[in-house]
Structure formats: structure tokens, C-alpha cells
Amino acid sequence: MSTNVTWKSRWTFILAATGSAVGLGNIWKFPYITGEYGGGAFVLVYLGCILLIGVPVMIAEIMVGRAGRSDPVHSMSKLGKTAGRSANWGAVGGIGILAGLMIMMFYSVVAGWALDYVAQSLSGNYLNSPTETIEQNFSQLLGNSSEQFLWHSIFCLITASIVAGGVTKGIGKSVDILMPILFGFLLLLLGYSWVNGDFSAGLHFMFDTDFSKLSSDAILVAMGHAFFTLSLGMGAIMAYGAYFPGKASIGKTVLTIAALDTVIALVAGMAMFPLVFANGLTPSQGPGLMFVTLPIAFSNMAGGQFFGTIFFALVSIAALSSSISLIEPGVAWLEKYGIKRSLSTFGFTGLAWLGGIACIYYGGVFDALDYLTANIMLPLGGLMIALFVGRILPRDTSVQELGMGQGTLFKYWWFALRYIAPIGIILVFLNSLKLI
Ligand code: PFF
Ligand code: NA
């Protein structure tokens, strides 16, 4: 990552950051964990975490990236030193790089499932099939390690070749055109569910808040997912922030990205749950939710083979623009030590590829990586970033970097970053450890 390249405009940064944010987290993970953790109350806690913790932390991450103009490790240690405090804050960036690697290990396996469903759609595998067959298709894929291995490897290879070429080149364009089309497809599926699904049962499930269903684990998962879905707490957005144009408003940009990400997740959920209830499926069926409900829709709609193929291709591309940002911080960091971009990219992605193989062949690795990264490492990283910007760097640095004066908005953000976000994260951790 060369430090004198900046994104051409605020819009280009929005596209890249949105590309990182919008991915499997929205379309695959959000609906299935909402199903597992009981619906409405979980969704409400998740939305609260996005607004009260995610948005303020995202502003802080971009700010650090732009002010440091380097990879997460060097940006944080440089700013720490300049502020007359410790350069050891760079370690936060280091843990983030590790988190990115660990996320990539299972993320690329799920992206491989999406690729597999491109092939299944193209060949008409699930066309005009009963629900049971469509459910079996997914279990068969889970039981077929060599098929998962193939698609996982292909996905890693594509990610690596894009990162090796330098991220500023291709992402903007693909997000610019393909993400709106993906959103269009989600709206099409939503329309299908409205007409053919049990729409009211789906909406009740997602939005009726029954707090008696809310376990402390559900709260931890909701908060963890807020970080995961916005790509926060590991330096991905910070690495992109290094390209953020000097004068543009960070606050407005962040609200745009968070809103887009949230709307896409909610629409995905609203498209799937009505199909769950209309077809006698269980909301808590786990990671297969999207790979069962959506093929049911495609299998019955006119042109489903075509729409299904394009849809799963778009999901794979959305996953790609996210996986790029999982690898980029680590590659940018190694580049600072003079290691060639291509070498570090293939080394880094190679490690993730090996981890993915472990996920495919050994039960439990997948879940452990998912749990450890989303629910512990990302919130912990977010906590450290909030403390760093809110309590270690001088207030003036933030005032100058954000350039929005010191009015109400700034005061709200400053308060959220210093108090709401860190206290919230700590309370959720303590609660999940059953200490409060
Ligand atoms: N935000 C991505 C998603 O919702 O699919 C996942 C992700 C990408 C998490 C990059 C973290 C990250 F750094
Ligand atoms: Na997301």
C-alpha cells in the first residue's frame, strides 16, 4: 500500500468500505444467527450495537487510518508516539491482522459454498425440487469435503490474485455496479416472499421483541455481529482509511455505510423468514438457512435457474470484496518491511487456505474460529481503538481530523467513544462471563 495514493473521492472510499462491510455477514450470517437466537429481541440489540458502538468506533478507525496514512500497526504506533504516549498501541493493529487471517479461514469456506451454489443453480440441480431435496442438497455439500475443498481453494486463489494486484484498482468499479444489482435481487426475493411466503409470520419473528428469549450469549453474539458486519475491530476499515481524502467528512460517510449494511441485512432476513414459515422449516436451522430458503424460492419462480445463478454469483462477489479487506491489512503491514506484495499476499492467503482446510476436515474448527473472532477479538479490538482515540490521543487530534467543529454531533460522538462504547463492550463481556 503506497502512502501517497488516496481514493479519488469520498465516493470511492464509500464503495470500498461498503464492499468490505457488505458480504456474507449480511446475507448468510445475520439471518441464520437471528434464527438461532430467537428473532426480534436479538435484532433490536444488534441494531442498538450498530448505532451506539459500531458507528462511533468506525469513525475512530477511519480517523486513525487517515491520520496515520499507513497499515493499522504503523498507523497506531505512529500516532501513539506522536501523542507522547506508547508506540505499543501498534500491537492492537497486530492482533487485528491475526483476526483478519482467522476470519478468512472460515469466510472462504462459506464463500466456497456460495460458489458451489452458482454451479448448482447453473446446472438446475434444485429446480422443481421438493423442500426435503433442497435441504438434502445442503447437507450433502457439508458432507462432501473434497467439493468444499475445491471451491474454497478457488475462492482463496481469486482473493489472492486481486490483493496481489493492489486493491485500489478494481474494487471501486465492481462495488459501484454489482452491489446495487445484488440489492435489486434481494428486493426481488423479498417480493417473492411477500407473495408466496408467510410474510406476516416472518416479520413477527424478526421484529416482535420478546426479551425473555434473550440469553447473555445472544447479547454477546449480537454485539459481536455488529463488529463483524461493519468490518470493525481488526483494522480493515482503518487500512482503507489511509486512502481517505483529506477534507471529506468522515461522519456522514460512516452513517451512509452503516445504513447500507443494515438495510441489506434486514432485507435478506425479511426475504428468508417468510419462506421458513411457509415451508415448515425451522428458523434455528443454522448456517444452511440461506442455502435452503433461497433455492426454494428460485426453484419455484419463473426464470429461477437464471436468477439463482446470477444471485449466488453476486453473493460470491460481495464475499470477495470483503475477503480482500481481510487480507489487505496484513499485506500492507508486511509491505512496510520491504516484502514484495505478491509474496506476502500469497503467503498470507496460503495460511488462511490451510486454516480453511482445517475447517472443512475437522469438526469444531469452523465454529471455534467464528466464535473467537466475531465475539471476542473484534469487540476487544474495538474497545482498544475506542480507548486509544477517546482517551490516549489528545481531544484536539480528533477535532482537527474530523473537521466538523465541536458542535452537538462532535460532542455526541466523543461521549459515545469515551463512555458508551467501552462501557457497553465491557458490560457485555462481563455479562457473558456471568460476572454480572
Ligand atoms: N463485514 C463482512 C461481512 O459482513 O461479510 C465480514 C468482514 C470483512 C469482517 C472484513 C471483518 C473484516 F475485517
Ligand atoms: Na456486513
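Quick reminder: no glycine exception, Cβ is built from N, Cα and C everywhere.
Sequence annotations record features per position, and here TrEMBL assigns transmembrane segment to 12-31, 43-68, 89-115, 149-168, 175-195, 218-242, 254-277, 297-322, 343-364, 376-393, 413-433.
In this chain, the transmembrane segment (254-277) lies out of contact with the transmembrane segment (149-168); the count of Cβ pairs under 8 Å, excluding pairs fewer than 6 apart in sequence, is fewer than 3. Using a cut-off of 8 Å between Cβ atoms, the transmembrane segment (12-31) and the transmembrane segment (376-393) share fewer than three residue pairs, counting only pairs 6 or more apart in sequence. In summary, the transmembrane segment (376-393) lies against the transmembrane segment (43-68): three or more C-beta pairs, each 6 or more positions apart in sequence, are under 8 Å. Counted over residue pairs separated by six or more positions, the transmembrane segment (43-68) shares fewer than 3 Cβ pairs under 8 angstroms with the transmembrane segment (297-322), which leaves the two as not touching. Taking residue pairs at least 6 apart in sequence, the transmembrane segment (175-195) and the transmembrane segment (218-242) share fewer than three C-beta contacts under 8 angstroms.
Here the transmembrane segment (175-195) does not touch the transmembrane segment (413-433). Their Cβ atoms form fewer than 3 pairs under 8 Å, with each pair 6 or more residues apart.
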